[in-house]
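Data first, discussion second: the structure below is written as structure tokens.
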Amino acid sequence: MFSRRNLLALGLAATVSAGPCDIYEAGDTPCVAAHSTTRALYSSFSGALYQLQRGSDDTTTTISPLTAGGIADASAQDTFCANTTCLITIIYDQSGNGNHLTQAPPGGFDGPDTDGYDNLASAIGAPVTLNGQKAYGVFMSPGTGYRNNEATGTATGDEAEGMYAVLDGTHYNDACCFDYGNAETSSTDTGAGHMEAIYLGNSTTWGYGAGDGPWIMVDMENNLFSGADEGYNSGDPSISYRFVTAAVKGGADKWAIRGANAASGSLSTYYSGARPDYSGYNPMSKEGAIILGIGGYNSNGAQGTFYEGVMTSGYPSDDTENSVQENIVAAKYVVGSLVSGPSFTSGEVVSLRVTTPGYTTRYIAHTDTTVNTQVVDDDSSTTLKEEASWTVVTGLANSQCFSFESVDTPGSYIRHYNFELLLNANDGTKQFHEDATFCPQAALNGEGTSLRSWSYPTRYFRHYENVLYAASNGGVQTFDSKTSFNNDVSFEIETAFAS
């Protein structure tokens with residue numbers, strides 16, 4: 001129950017100027033960690049929200065709100081990252097506890113980056129506007145993860161805590177585990193009840209809810225719970241919102257899942273009650289590390305997008321969470337533009353010419369299923385001209401972006417598979433559609449366009465030894481070489497050789 005003082009404070013905190021953590025503070029459940037790349041989560045916060053590292057020279061900078069309590073300075077990011085790539089290296093904790101999130105280390109599973117670390121996220125994969133002002137979220141492909149194994153002030157053992165996250169309800173998969181919250185400090189599986197984290201996805205390996213998913217569930221380690229029982233719980237609905245608020249809280253023999261459209265409306269309670277009646281979950285044995293985008297022992301096959309989230313000390317009341325939801329809705333999250341530079345038009349047929357000096361007579365083509373570059377001109381055979389011509393269609397996974405259908409093999413599209421670009425028939429699956437969707441941006445070398453993978457926005461169409469790859473600007477693969485990267489990922493859009 002709230003005291004008269006706290007009810008007054010909560011009412012004041014619900015004003016437009018207050019941030020989510022001001023509201024939690026007024027409810028006697030203060031934030032112990034607060035993370036966002038889009039905005040300040042306290043009305044007075046004016047420090048760094050996140051750190052960027054750019055690919056051209058590996059230098060770093062920090063991005064702060066435009067004003068105290070305001071929206072991130074996206075223009076500072078755009079200036080710093082112009083004509084190169086940028087990664088998000090640190091997501092800073094706004095609570096003052098120093099619970100910053102950095103590149104997740106190896107654990108029970110290795111990550112795909114050097115020394116088993118997880119990948120870092122692209123800085124431009126999740127553009128949004130908040131109240132009309134541009135910002136960027138954290139688009140996390142499989143293999144991407146952030147962590148802090150030495151967090152301060154987070155719940156341990158059976159201590160009470162709450163948390164929420166604003167996520168993309170359309171970006172998910174069924175792999176383990178797109179989480180945000182409390183996890184093991186060793187990055188290994190230390191047993192049931194050692195985690196308490198928000199999960200969003202459509203995995204049915206452990207728990208699941210009504211419909212086909214995705215669902216908000218709670219990762220308590222060795223199980224995803226959608227309600228009191230293992231497996232199916234009908235009270236946990238499928239999520240269809242583009243922006244979703246996921247709220248979880250847990251204390252001594254109680255926990256809850258709540259959710260809402262982050263753009264409108266109020267929170268609904270999907271479960272509130274006793275802890276699962278299975279060994280290890282009552283009492284809990286939480287360890288207090290913080291994870292984002294991965295499971296507790298660095299299981300890193302999941303995908304999702306994160307915009308903001310916090311963890312609290314104490315079990316927040318429904319009233320407090322409801323006020324936080326009002327604040328999130330008032331932020332007015334809207335999808336931003338994924339494309340820039342020379343435009344494509346769905347239905348047009350194009351040829352794409354290499355701009356790397358010494359290779360400018362070569363065009364993107366294919367030989368059977370291999371996507372490559374070949375020398376093509378007006379005197380080339382009809383067969384080669386058709387192999388070097390592509391029909392532009394609306395992106396199979398995202399309507400802002402595009403997919404490229406072969407002129408000579410209708411129904412087959414350029415897609416990435418193990419980061420090679422292949423020409424494969426569209427099998428109608430979600431996976432294929434995501435693999436075959438690419439977002440054009442102004443060419444990194446200033447000549448034409450660069451084509452960025454929608455599902456792996458650190459990766460671009462790149463020709464390397466005359467073969468096409470989905471390559472990053474530096475990385476563990478030979479085709480990720482930084483040498484000539486900007487030239488190798490830039491292509492001129494030309495009238496097709498064939499139609």
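Every residue, even glycine, has its Cβ placed from backbone N, Cα and C.
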Open item on the list: Per Swiss-Prot, which of ASP277, ASP318, ASP319, ASP435 sits in the substrate site along with ASP219, ASN222, ASN223, GLY296, HIS416, ASN418, PHE419, HIS463, GLU465, LEU468, ASP488?
Closed with: ASP435
Task: Cysteine from CYS177, CYS439 that Swiss-Prot links to CYS401 by a disulfide bond - done: CYS439
TODO: Among ASP219, ASN223, HIS416, PHE419, HIS463, these being the binding-site residues, pick the one whose CA is nearest to that of CYS177 (disulfide bond).
DONE: ASP219
Open item on the list: For the C-alpha pair, I'd like the distance in angstrom between CYS21 (disulfide bond) and ASP219 (substrate binding site), rounded off.
Closed with: 23
Task: Neighbour tally for ASN83 (N-linked glycosylation site), based on other Cβ positions within 10 Å of its Cβ - done: 12
Open item on the list: Helix, strand or coil by DSSP: which one applies to ASN202 (N-linked glycosylation site)?
Closed with: coil
Open item on the list: With DSSP assignments reduced to helix, strand and coil, which class does CYS31 (disulfide bond) get?
Closed with: strand
Task: Pairwise Cα distance maximum in Å, substrate-binding residues per record: ASP219, ASN222, ASN223, GLY296, HIS416, ASN418, PHE419, ASP435, HIS463, GLU465, LEU468, ASP488 - done: 46
- [ ] Going by Cα-Cα distance, pick out whichever of the recorded positions CYS81, ASN83, CYS176, ASN202 is nearest to ASN223 (substrate binding site).
- [x] CYS176
